[in-house]
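Report on the structure given below.
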Amino acid sequence: MAGAGISTPSGIPDFRSPGSGLYDNLQQYDIPYPEAIFEINYFHHNPKPFFALAKELYPGNYKPNYTHYFIRLLHDKGLLHRIYTQNIDGLERLAGIPSTKLVEAHGTFATATCTVCQTSYPGEDLRADILESKVPKCPTCKGVIKPDVVFFGEELPQCFFLYLTDFPLADLLVVMGTSLEVEPFASLAGAVRNSVPRVLINRDLVGPFVYRAPRHNDVLELGDVVSGVERFADKLGWKEELNKLIAVETGKEWFPHCTVVERLNQTKQQVN
Ligand code: APR
């Protein structure tokens with residue numbers, strides 16, 4: 001299970017971190033309260049604030065980070081049953097996680113739908129208008145085209161309900177970078193059997209890890225998500241393999257937190 005906190009290392013603000021979170025930085029949009037920017041009724045009243053924000057966040061400006069590639073490595077090793085993400089930045093897809101293993105519970109910019117005639121469009125068709133600060137309009141009926149991002153007040157995509165079979169089958173649950181504030185996604189954290197270990201990799205305790213008695217096999221890795229994932233990869237003996245995957249996928253080495261000495265040694269080894 002993933003939230004906006006796995007994308008902050010890629011430069012995308014999350015929603016609720018005090019000060020840096022998106023909801024603390026929407027003053028420049030003329031909206032009555034922060035969440036309105038993702039509310040469907042407000043969107044129909046005035047789509048401009050959402051499209052102004054979409055221009056900032058539109059996929060293509062950001063790259064996956066260490067955390068996304070860790071999830072990709074889980075898949076490469078045949079260990080990823082499914083990733084449920086709340087993120088709409090598309091970084092899981094960019095990291096090479098196949099759509100069959102990905103549930104984008106809060107939708108995606110990859111496709112869009114006309115709010116009047118319901119015609120579906122590839123998200124790419126909206127890019128030019130959005131980046132030119134124009135509200136995309138349907139060529140057929142002139143209605144406003146809305147990216148298939150799930151707004152407050154909208155149904156979740158059908159694929160979200162795969163959880164009904166996925167979670168009872170899971171033998172490990174990893175929860176990363178989310179405040180677990182938004183339902184029904186947040187409740188998935190309690191949907192695995194009691195015998196199943198749950199690993200929380202997050203700056204702070206959230207959701208049932210706070211308001212419920214901890215389960216005997218909960219593992220809490222509190223702090224920076226990349227450091228937590230790095231420690232996890234290290235315990236699994238996957239650090240080298242993960243760095244190689246990242247180097248292949250990005251064409252550059254990844255030294256998330258190594259010291260200068262470690263980095264010099266790594267470079268020296270490569271030279272030798
Ligand atoms: N390392 C560790 N934890 C981090 C990091 C980081 N680098 N950056 C952020 N976090 C943590 C924050 O402390 C917070 O607990 O990630 C969590 C992010 O929480 P939110 O900002 O609430 O994001 P998210 O949980 O994805 O929000 C859920 O709310 O508005 C809706 O639809 C929107 O999908 C979104 C949903």
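Placement of Cβ uses the backbone N, Cα and C atoms for every residue, glycine included.
As annotated by TrEMBL, domain 'Deacetylase sirtuin-type' applies to 1-239.
According to TrEMBL, the feature NAD(+) binding site maps to 4-8, 14-16, 86-89, 178-179, 202-204. Under a cutoff of 8 A between CB atoms, and with a sequence separation of 6+ in the same chain, the neighbours of Thr178 (NAD(+) binding site) are Met1, Ala2, Gly3, Ala4, Gly5, Gln86, Phe185, Ala186, Asn202, Val206, Gly207.
Reduced to three states, the DSSP call for His106 (active site, proton acceptor) is coil. According to TrEMBL, the feature active site, proton acceptor maps to His106.
The Zn(2+) binding site annotation in TrEMBL covers Cys114, Cys117, Cys138, Cys141. Cys117 (Zn(2+) binding site) falls within neither a helix nor a strand when secondary structure is assigned with DSSP, and so counts as coil. Note on Cys117 (Zn(2+) binding site): other Cβ atoms within 10 Å of its Cβ, all shown chains, come to 12.
Between the CA atoms of Arg203 (NAD(+) binding site) and Cys117 (Zn(2+) binding site) there is a gap of 43 Å, rounded to the nearest whole number. Under the DSSP three-state reduction, Ala4 (NAD(+) binding site) is assigned to helix. DSSP gives Thr178 (NAD(+) binding site) a coil state; it is part of no helix or strand.
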